[in-house]
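Enquirer: My questions all concern the structure below.
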Amino acid sequence: MENKQQSNDEMKENKAVKKKVNWSGSLVVASLTGAFGSSFLYGYNLSVVNAPAVYIKKFYNETWERRYGFSVDEGTLTLLWSITVSIFAIGGLVGAIIVTPIVKFFGRKCTLLLNNVFAVAAALLMSLSLLAGSFEMLILGRIIMGVDAGISLSALPMYLSEISPKEIRGSLGQVTAIFICIGVFTGQVLGLPEIFGQESRWPYLFGAIIVPSLIQVVILPFLPESPRYLLLEKHNTSKAEKAFQTFLGKDDVSHEIEEVLAESRVQRNTKLVSILQLLRTRGARWQVITVVVTMGCYQLCGLNAIWYYTNNIFSEAGINRETIPYVTLSTGAVETVAAVFSGLVIERLGRRPLLIGGFGLMVVFFAVLTVSLTLQDTVHWLPYLSIFCILAIIASFCIGPGGIPFVLTGEFFQQSQRPAAFMIAGTVNWLSNFAVGLLFPFIQGGLQTYCFLVFAAICFAGATYLFFVLPETKNKTFNEISQAFAKRNKVSLEMQEMNHYPEERKSSAEQESNFTSSVDNGKTKKGIV
């Protein structure tokens, strides 16, 4: 009876804590500004090449003819276009690889700010390529824009996971996915013939990239750096305290600092771990495997194939070519609404149901899409079923698989492991992205209407793995999540505390001592025990 009463008291206390969690103005502005200049641009650059594809290919042909005196052959033109589309992922891979030393040296916020140099340079190269008569400028701009995306898709989720309270960490993490979807939709809208989807205006589509970058550069400097980064990596207690106060909108942040220091005590180390060290860490083995699986499925599930080749898919479904740009808008609208819905319910339903359910629904709709595309010549209304299936696949993706992998990567790992984990996740993400962009036309050509069964099999495999391995991380601290994996990793949290980096055990004690000193000096009224 006493245990039951104690459990009820704890539940009431947890509910009371949840009610106190507020979305402070600084937290909202930091997440929106960070995402607008980062993940928004990633989504925008996924879709922006679709609408002007015909005009860009014509530009390539005219440039080739002006230089060499003859038209480019169809095979070379297709190769140039494939490189233009897929090289974005190569740049992303470079960005994902270099992000770890950058976030270590400059911090999360400053990395996002400095990353705008790549975005502005890419925008200038791509928007001026027609004027300069150089298609190489457009290709170079795409790879530089990919570097920007590779850095931002690691630095932004890292920043958001470290500035948010655990009670809303999932919702705030979904901001990354929401702005990817808004970026895709914006690229589709601006690519309409009435706006920039014309032969003389397509360079403006790439010049528009400068706007989100400038907005981020103007606003983000006035917001604090990640308090966890300041406390655990820079050992600056006073700045960390002020950052927590700004983001949480309250003066007494001793509980939050104690929670971070508790992680540091278990970790016994704040020195960044390399990729090799992380892969050798027994206590993080299944976390790494799960991140690799979720990130791999995130790209290989087939949604990027739909984004890259939307026009061709709708054309095969029997949609009139003049109507396609407007039908394509529905895909961007659906994914945006689904991503917002996911952000609203993720803290109620949890990560597991949304992620596994999303992949499961994709399996069903990929199967139906295959049947409808195969039989569409025999039944007049089947093309409309194909469109519905495409929209349903996009919605299923965005309610879970579209954003939760980024959230999980931030939740699974301790402070010292997080940059290496995001490098691994980013590498898998961009290699898979490149593979889909490069191989999907050949898969489609070889398997015809059965090509989507490949993606259905990948989604099924991902959902099965996550069902058996993934623990629920909703409202849990980093230490609690580590404990959830401890049994599968065949190591207890206590063993990790005893064995991890024994030569550095003084670090967290020194930080705690520094914080206690600041308490004694009157900076905070409530001390750490």
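Backbone N, Cα and C define each Cβ position, glycine as well.
These came from TrEMBL, pasted as-is:
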COMPBIAS  510-521  compositional bias 'Polar residues'
DOMAIN    31-474  domain 'Major facilitator superfamily (MFS) profile'
REGION    502-529  region 'Disordered'
TRANSMEM  21-42  transmembrane segment
TRANSMEM  79-100  transmembrane segment
TRANSMEM  112-133  transmembrane segment
TRANSMEM  139-160  transmembrane segment
TRANSMEM  172-190  transmembrane segment
TRANSMEM  202-223  transmembrane segment
TRANSMEM  288-309  transmembrane segment
TRANSMEM  324-346  transmembrane segment
TRANSMEM  353-375  transmembrane segment
TRANSMEM  381-408  transmembrane segment
TRANSMEM  420-441  transmembrane segment
TRANSMEM  447-470  transmembrane segment
Enquirer: Out of 21-42, 79-100, 202-223, 381-408, what stretch is closest in contact terms to the transmembrane segment (353-375), meaning most Cβ pairs under 8 angstroms?
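Expert: Most contacts with the transmembrane segment (353-375): 381-408.
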Enquirer: The transmembrane segment (139-160): which same-chain residues, six or more beyond its ends, come within Cβ distance under 8 Å?
Expert: 30-31, 34-35, 37-39, 41-42, 45, 80, 83-84, 87-99, 102-103, 108-109, 111-112, 115-116, 118-119, 121-126, 129, 172-173, 175-176, 206, 209, 226, 406-407, 409-410, 418-419, 422-423, 425-426, 429-430
Enquirer: Mean pLDDT across the domain 'Major facilitator superfamily (MFS) profile' (31-474), rounded to an integer, is what?
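Expert: That stretch averages a pLDDT of 88.
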Enquirer: Same-chain Cβ contacts of the transmembrane segment (79-100) under 8 Å, 6 or more residues past its ends?
Expert: 45-46, 49, 53, 56-57, 60, 72, 111, 118, 135, 138-139, 142-155, 272, 308, 419-420, 422-423, 425-427, 429-431, 433-434, 437-438, 441
Enquirer: Spell out yes or no: are there three or more C-beta pairs under 8 angstroms between the transmembrane segment (112-133) and the transmembrane segment (202-223), with each pair 6 or more apart in sequence?
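Expert: Output yes: the transmembrane segment (112-133) sits against the transmembrane segment (202-223).
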